[in-house]
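> Feature table excerpt (TrEMBL):
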{"type": "ACT_SITE", "residues": "GLU161", "note": "active site, proton donor/acceptor"}
{"type": "BINDING", "residues": "GLU87, HIS115, GLU161", "note": "Zn(2+) binding site"}
{"type": "DOMAIN", "residues": "21-165", "note": "domain 'VOC'"}
{"type": "DOMAIN", "residues": "181-326", "note": "domain 'VOC'"}
Amino acid sequence: MAGDTGYDTVVESAAVRGSVVNTHTCLRVKDPKVSLAFYEKQFGMRLLKQVDVAESRFSLYFLSFEKEFPHAENGSLKVFATQGVLELTHNWGTEDDASFKVNNGNGEENRGFGHVCFTTRDIAQACVTLEARGVSFKKRMSDGRQKDIAFVLDPDGYWIELVQYPTVGTPSGQADDLGYKFNHTMVRVKDARKSVAFYTNVLGMQLLEKSVHENAKFTLYFLGYPADSESREATGDRRAREGLLELTHNWGTEDDAEFRYHNGNDAPQGYGHICISCKDPEAFCNEVEQKYGDKIAWAPKFNQGKMKNIAFLKDPDGYSVEVTPQTLFI
């Protein structure tokens, strides 16, 4: 990763441990009733909050696996201070449009976003259960060269990777049952050097793991913020964590001047964004602007859109990253 990437200046306000959290991933859905039933029934996720924005005719649904959430003084959940949240966005009326289809990011055209990944203690049993319930599989464990992973499809055709987290030093050799974990979100990137530099130097993430696949000519990069030293996940494998980002680089795309990935927000839409929350988002956004100027695009800048106290910036491939305060609650 040596050499000038255009993103080599460190944003100090993001580099402070605990100052930034990767809170959630946003996916657009056609029919929220169908999608909510899927994630609640098949994976046991819990709907934390529904937010209706009538003037713009859309609704947001925040879901999570069971965990302890910090609370505001009024008792509301501080969802934006916690990792592993899934945000489903529904633009009103799409459920009644027979021709409407979400772009899942994995077609031959409009490829970009790849999948979300849920990890579990026993992937074989999880697959048996999901198959018995009629869940559609993109890849069973027996398919292909990788026999330790599977992919299922949600109602909109988004890919959900299933991976098993390993044993955590228990005498029996059995992993602690942490339940499902929303481990990571995967997006494809054109130039790995630029993207890794952006997420580490600008957003303050750490490169946790690099996996080179020589035969298939691609490399995976797993990034995340430092785990709380007192948490159970800090002592285990990255597969037992939440709130990670996987960047997939198919070799050679960086040398093709015409090559572009679809960012999910241009038509046809699907994937929306990841969201990072900051202890001081205004200071973070100001420092990014000061150090990078027009190099990084915003849509909108902090506190300048219809929804206050948030911002959206763009990564090197045009994927959106939402920036919010950690004190935001729902």
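Backbone N, Cα and C atoms are what each Cβ position is placed from, and that goes for glycine too.
Automated prediction, rather than curation, is the source of TrEMBL annotations.
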> Inside 10 Å of the Cβ of HIS115 (Zn(2+) binding site), count up the other Cβ atoms and send me the figure.
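Taking every protein chain into account, the count is 23.
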> What's the number of neighbouring CB atoms sitting within 10 A of the CB on GLU161 (active site, proton donor/acceptor)?
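A 10 Å sphere around the Cβ of GLU161 (active site, proton donor/acceptor) contains 20 other Cβ atoms.
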> List the residues of the same chain that sit at least 6 positions away from GLU87 (Zn(2+) binding site) in sequence and have their Cβ under 8 Å from its Cβ, in sequence order, or write 'none'.
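Correct list: HIS24, THR25, CYS26, LEU27, LEU60, TYR61, PHE62, LEU63, GLY272, CYS275.
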> Please report how many Å separate the Cα atom of HIS115 (Zn(2+) binding site) from that of the residue listed as 'active site, proton donor/acceptor', as a whole number.
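About 7 Å separate the Cα atoms of these two residues.
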> Would you mind giving the whole-number mean pLDDT across the domain 'VOC' (181-326)?
93
> DSSP on the domain 'VOC' (21-165): how many residues come out helix, how many strand, how many coil?
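So the counts come to 31 helix, 55 strand, 59 coil.
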> What are the DSSP helix/strand/coil residue counts across the domain 'VOC' (181-326)?
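Across the domain 'VOC' (181-326), DSSP assigns the residues as follows: 36 helix, 50 strand, 60 coil.
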